[in-house]
């Protein structure tokens, strides 16, 4: 196999960033329209309660298996891997059955006018998760054999289909927004499954035909779509289903099973840490559905960088490091070229995400109100809470960026014993996070969730930095130096922050939702302020490190 893993990882990250920005911007605009037409209680039910159900089922049933099966894909017995990845289907069905009962009967009830729609939504989420899990074998193969563009195109179609279906139904039936959400979930899941299986139904026969023609004429150039596929083991789309592929060994690889169990322990804890504030909001009546929707809107706005940039980088980095660094060997015994390349990539990733996060902090302090006003209108900024939440969230973005990259390396290079030890540590993090969330939320309100997240991510970052530092201690490589910005970059950030804050404080109407007409004198002042903004943006083009 001659596929370039680094090139594939970089392509995966770049295509993910571009297409997710493009189409999530469309989704973002459409959701802004929904905010203005659907009540906040409905948004709280959909965005907090139902999406939490979806993320819980998918993460716990998919994440451990997918991470284990991606490890060292070059040496896979694919029959065993397919059998293992399909275990996610019954797991998601069992989790769905249990969690739907909890969501309907044990959690705080919704208003009577929404109950029937909410009940249907819970069942729809469970069904869509099962359908999506039935696609994981194809998704795994596509990622392992570097079908980068295929993944991006299909997931883009999936997002567009779900959004357009939801908006169309809401526009025509505004009183049944939760039903529209349920229908959109199932339709998009079915489409995702059909597209993946449909592509390989078309692709595999043509690959086999191409191989036969290549055997007859060795001088014939391979088509790019079929290049570097000499090790592709699947000869029929039925091979993506368990039991259809020839296998002389055990049905499931015991080593991958042990690794999956380790990742499962880790995933349970990570899910609590990632969605901890939603679990607190869902289990304990700390906030009303309306307050939950406001927090979720602000949290989504503050997490745009994580969804558009940091998450694709983290996923691609994890795949890259799993292929370059072996879990069970010290770095000195591994390929020196691979170790050097991985260290350089890790250092560059640390530089990129840290600089993006710091820029978000500086500009977020001055433009949070404006962003919220343009997004949700006067209703969203009628109180100071949303603006305060977004300003605090900007600080969490820096920690989120660093944590994503460092944990991607840690999880990709830890052996089974290290993963098990880390799981115990994550249990402590989880318990502390939930306790801190509950205490700080009762003291500071919704801001307490963000403060708890910051403390949680800070603890995880410290552990990751210690692990990476120890791993490279006996080498000449210091990838963590990428986390330290230069004084020039910090000076530019301070200058930019002063300019933007001055702009906010002196611009007439900048702190008001009325936006009155400006006099000519104030127009001149605004023009001068915009010059300061322009200077700040230009200076930021200098290299941050």
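Glycine residues also receive a Cβ, built from the backbone N, Cα and C atoms like all the rest.
Worth saying up front: this structure is predicted, and the values here are computed from it rather than measured.
Look at TrEMBL and you will find 12-36 (among others) tagged as transmembrane segment.
As annotated by TrEMBL, transmembrane segment applies to 42-60 (among others).
If one looks beyond the transmembrane segment (81-104) by at least 6 residues along the same chain, the residues whose Cβ comes under 8 Å of a Cβ in the stretch are 49, 53, 56-58, 60-62, 65-66, 68-69, 118-119, 122-123, 125-127, 129-130, 133-134, 136-137, 140, 239-243, 245, 247, 251-253, 256-257, 260. Annotation comment: TrEMBL describes 81-104 (among others) as transmembrane segment.
Residues or ranges marked as transmembrane segment in TrEMBL: 152-171 (among others).
The transmembrane segment feature in TrEMBL is assigned to 183-204 (among others). Counting only same-chain residues 6+ beyond the ends of the transmembrane segment (183-204), those with a CB under 8 A from a CB of the stretch are 54, 124-125, 127-129, 131-132, 134-135, 138-139, 141-142, 150, 154-155, 157-159, 161-163, 165-166, 169, 225, 234-237, 240.
Within its own chain, the transmembrane segment (352-376) has Cβ neighbours under 8 Å at 32, 35-36, 297-298, 301-302, 305, 309-310, 313, 386-387, 390-391, 393-395, 397-402, 404-405, 482-483, 485, 489, 493, 496-497, 500-501, 503-504, 510-511, 513, 540, 544-545, counting only residues six or more beyond its boundaries. Residues or ranges marked as transmembrane segment in TrEMBL: 352-376 (among others).
The transmembrane segment feature in TrEMBL is assigned to 388-412 (among others).
Among the features that TrEMBL reports, transmembrane segment is placed at 424-452 (among others). Residues 266, 269-270, 272-273, 276-277, 279-280, 284, 286-287, 291, 294-295, 385, 388-389, 392-393, 395-396, 459-460, 463 of the same chain lie 6+ residues outside the transmembrane segment (424-452) yet bring a C-beta within less than 8 angstroms of a C-beta in it.
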